[in-house]
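Colleague: Heads up, here are the entries from Swiss-Prot:
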type	residues	note
ZN_FING	19-37	zinc finger
BINDING	19, 22, 34, 37	Zn(2+) binding site
């Protein structure tokens, strides 16, 4: 069978598993890198200024 009924079979397996470095469920199995910390893609930890926000809405470093 092909077409629309077959698309339901695609998402049975897990896209992301637990990352060895950061511990979050963000390691892409097929692309071999972590979407959260960048493990597998770079040695440096993936970090952006827009990532973390305090409860009162102010950004923290």
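Using the three backbone atoms N, Cα and C, a Cβ is placed for every residue, glycine included.
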Colleague: Across all the protein chains here, work out how many other Cβ atoms are within 10 Å of the Cβ of residue 34 (Zn(2+) binding site).
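Modeller: There are 26 such Cβ atoms around residue 34 (Zn(2+) binding site).
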Colleague: Just give the helix, strand and coil counts over the zinc finger (19-37), going by DSSP.
Modeller: 0 helix, 4 strand, 15 coil
Colleague: Could you list the residues of the same chain, at least six apart in sequence, whose Cβ is under 8 A from the Cβ of residue 19 (Zn(2+) binding site)?
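Modeller: Expected: 25, 26, 27, 34, 36, 37, 39.
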